[in-house]
Amino acid sequence: MIEADRLVSAGVISEEEVIDRAIRPKMLAEYVGQPVVREQMEIFIKAAMMRGDALDHLLIFGPPGLGKTTLANIVANEMGVNLRTTSGPVLEKAGDLAALLTNLEPHDVLFIDEIHRLSPVVEEVLYPAMEDYQLDIMIGEGPAARSIKLDLPPFTLIGATTRAGSLTSPLRDRFGIVQRLEFYRVEDLQHIVGRSAACLGLPLSDEGALEIARRARGTPRIANRLLRRVRDFAEVRAGGEMSGDVASRALDMLSVDSEGFDYMDRKLLLAIIDKFTGGPVGLDNLAAAIGEERETIEDVLEPYLIQQGFIQRTPRGRMATQHAYKHFGITREG
């Protein structure tokens, strides 16, 4: 799959998880960026602790790589409770969810990543658990089957999703707190990269951190990945020095340009500009032109390009914007 091969993919790569845990902020005081979310969560957490209550159920949504799992960990740490982690696709049966819920201590946090992928059967079990702290369990089979209710301790469910619109209304309505994570500003990413470098003991200059931040597509996960690749380049080609110039040379070598675009982003944009005179072009024609599946374009390639104003999605197809022409130094005809 193309996403796993891209340096600027916002998806998590398995070997990164151990390093990411080591550099992940643990408390709100260490959490950089998302000022509105940070301020609101600080108030909600303190209020819940003052009352001696569990925090209201929390839904976190936004593009991948922006720190939804990090925020869930911070909530548990701030509340001083345990965090149990799972994901929507893993919870195949109602019993899978019941096993997690019955092992929670009072005020514990249950974090469900990709919550939009819960099966309807599991979701039905979740409703009374969230609303009334009760678990309905079927005992036996056939005519002899009966339902019993188990009381659960007060707990906090944190759901994370990249597709909030895919959640059913009954599930979405049961979250008392809803937070959207936005793409990060360059200055916040610079701070994050600098902190990560310090945690890893890397001699990264302020200029080097800024260069990485500029090309990280507003995403901390990508910024930390680029930091590690710049480190590799610096160790082999620059005697370990991680200056702005070294970072720029490293990222140029890796074909990550000033906007954070890689070869696939450029291939897509240039296909629209060169092969279809800027568009509009239908998705199937565009997919054939660059040799990719339409799902790859829709889910992987174009979201960031649209968000940054390089592609416009119209009823007649995709169009390259003036911003895209300017990026490549191409004069738009007509």
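Placement of Cβ uses the backbone N, Cα and C atoms for every residue, glycine included.
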Report the candidate from Arg215, Arg217, Arg221, Arg225 that shares the ATP site with Ile23, Arg24, Gly65, Lys68, Thr69, Thr70, Glu131, Asp132, Tyr133, Arg174, Tyr184, as recorded in Swiss-Prot.
Arg221
Identify, in sequence order, the residues in the chain of Tyr133 (ATP binding site) that are 6 or more apart from it along the sequence and have a CB within less than 8 Å of its CB; answer 'none' if there are none.
Asp151, Leu152, Pro153, Pro154, Phe155
Given Arg313 (DNA binding site) and Tyr184 (ATP binding site), what distance in Å do their CA atoms have, once rounded to a whole number?
23
Between Arg313, Arg318, which of the binding-site residues has the fewest other CB atoms within 10 angstroms in the structure shown?
Arg313
What does DSSP give as the helix, strand and coil breakdown of the region 'Small ATPAse domain (RuvB-S)' (185-255)?
51 helix, 2 strand, 18 coil
Given the DNA site residues Arg294, Arg313, Arg318, which other residues of that chain have a Cβ within 8 Å of the mean position of their Cβ atoms, reported in sequence order?
Val281, Gly282, Leu283, Leu286, Ile297, Glu298, Glu302, Ile311, Gly317
I'd like the per-state residue tally for the region 'Head domain (RuvB-H)' (258-334) from DSSP, helix first, then strand, then coil.
42 helix, 9 strand, 26 coil
DSSP state at Tyr133 (ATP binding site), helix/strand/coil:
coil
